Amino acid sequence: MTPEDQEETQPLLGPLGGSAPRGRRVFLAAFAAALGPLSFGFALGYSSPAIPSLRRAAPPAPHLDEDAASWFGAIVTLGAAAGGLLGGWLVDQAGRKLSLLLCSMPFVAGFAVITAAQNLWMLLGGRLLTGLACGIASLVAPVYISEIAYPEVRGLLGSCVQLMVVTGILLAYLAGWMLEWRWLAVLGCVPPSFMLLLMCFMPETPRFLLSQHKRQEAMAAMQFLWGSAQGWEEPPIGAEHQGFHMAQLWRPGVYKPFIIGISLMAFQQLSGINAVMFYAETIFEEAKFKDSSLASVIVGLIQVLFTATAALIMDRAGRRLLLTLSGVVMVFSTSAFGAYFKLTEGGPSNSSHVDLPAHLSMEPTDTNTGLAWLAVGSMCLFIAGFAVGWGPIPWLLMSEIFPLPVKGVATGVCVLTNWFMAFLVTKEFSSLMEVLRPYGAFWLASAFSIFGVLFTVACVPETKGKTLEQITAHFEGR
């Protein structure tokens, strides 16, 4: 075998023969990609301070009534669901890097339209554009980061996706204290613009380059990211150009991760996270926190703190353990939340409408305040538990478990599932509370968390310390 043959057959992306790679540019590339989720988080958090600001604004600024405010918050999830499907196509056809570059454009365009808005339709159009970008970023950023990271830090870097999302939400809350809605939208243009600039200097992922039979470019990308292109095993790529076919769903290496990915996304939303966040300000007010924006910041700080904790221990504790512990905490906290609503429930009424503030005020003030602290504690515990496991890990696993030929389609379906469930839960939770009463709705969320824990124990494999090729081989039974 000639030296040239040895170089051509040299492994590229497999396990290391010696010590762990020491390249640090992988962290810079991961940070550049994670600015997409930061923009995504800012777009999600934008509506919380912007809606009160829009209601205070004098003409000719657009005016939001209750129904318009509801759509202003919820339309992002519809745009994100479409963005998930578009991102699934882009990530395979255009590549991971170009997809991230492209998703910065609807972020900037959407916030620019909001900044210039003169009527409700411009506001909703801008929110729809930012939602589209959120869907693309929520799919492409985890895939890019998982494919550039080596196994020893893939959990840390992958968890930073969710960390940047909650950081973006917190930044929107903090900036909302000082800025009106137009200037807040201008600020929203900054993270995606910075991502566009940084990503221009980052490489495409080696795995995607190999799938395009660009071995030399893949080796150069590996050298840039990891500091070495020696000692890794090249994955099989013979089927990469065939794309996704329905017949592939019969393969264990495809249908098993499909079931796991979709189920994790559904259980994440059915856990009740959006419902808890929706009632956060009301609960803090009942506990005598008069500044509702301070309550939002407290919730945001808890999310950032515990998501950062999860990122730091992800590669030591493992995904399964954190998902299980997170689920158990969520079961107990939503059960306590339901108990709070049960204890504060007033007498029988002929009305089926649930008015939460009035519903809570039927108890004597001292008793109500004391019970509200039970709700505050349960809510903070739930948010902390969610941030440690069920917040970041479904996104991390989504980026790890799918083989290259189906990654675009599979991750697109997972993202669509997540955003569709988020929209469904957000829009229908009030109706569910009318039927089951508030305590019944939260106990139902607790039951879904129990199913999520059981599903994790029975079906979700541990991926820490494994290469992406080893994870695929596990599902194939090899």
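Glycine is treated like the rest: Cβ placed from N, Cα and C.
Caution: TrEMBL annotation is automatic and unverified by curators.
The following features are taken from TrEMBL:
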type	residues	note
DOMAIN	29-464	domain 'Major facilitator superfamily (MFS) profile'
TRANSMEM	26-48	transmembrane segment
TRANSMEM	68-91	transmembrane segment
TRANSMEM	98-118	transmembrane segment
TRANSMEM	124-144	transmembrane segment
TRANSMEM	156-175	transmembrane segment
TRANSMEM	181-202	transmembrane segment
TRANSMEM	258-280	transmembrane segment
TRANSMEM	292-314	transmembrane segment
TRANSMEM	321-341	transmembrane segment
TRANSMEM	370-390	transmembrane segment
TRANSMEM	402-421	transmembrane segment
TRANSMEM	441-460	transmembrane segment
Open item on the list: Which range wins on Cβ pairs under 8 Å with the transmembrane segment (124-144): 98-118, 181-202, 321-341?
Closed with: 98-118
TODO: Compare 156-175, 258-280, 402-421 by their Cβ pairs under 8 Å to the transmembrane segment (181-202) and return the stretch that comes out on top.
DONE: 156-175
Task: Segment-segment contact (the transmembrane segment (292-314); the transmembrane segment (98-118)) at 3 or more Cβ pairs under 8 Å - done: no
- [ ] Six or more residues out from either end of the transmembrane segment (98-118), which same-chain residues have a Cβ under 8 Å from its Cβ atoms?
- [x] 33, 36, 39, 43, 60, 62, 83, 87, 90-91, 125-133, 136-137, 140-141, 144, 181-182, 185-186, 188-189, 191-193, 195-196, 199-200, 204
Task: Listed stretch, out of 156-175, 258-280, 370-390, 402-421, that has the most CB pairs under 8 angstroms to the transmembrane segment (321-341) - done: 370-390
Task: Recorded stretch that, among 156-175, 258-280, 402-421, has the most CB pairs under 8 Å to the transmembrane segment (370-390) - done: 258-280
Task: Same-chain residue ranges lying at least 6 outside the transmembrane segment (402-421) that approach it to Cβ under 8 Å - done: 77-78, 80-81, 83-85, 87-93, 135, 138-139, 142-143, 207, 211, 235, 237, 239-240, 242-244, 248, 253-254, 257-258, 261-262, 264-266, 268-270, 394, 472
- [ ] Would you report the average pLDDT that the model assigns to the domain 'Major facilitator superfamily (MFS) profile' (29-464)?
- [x] 83
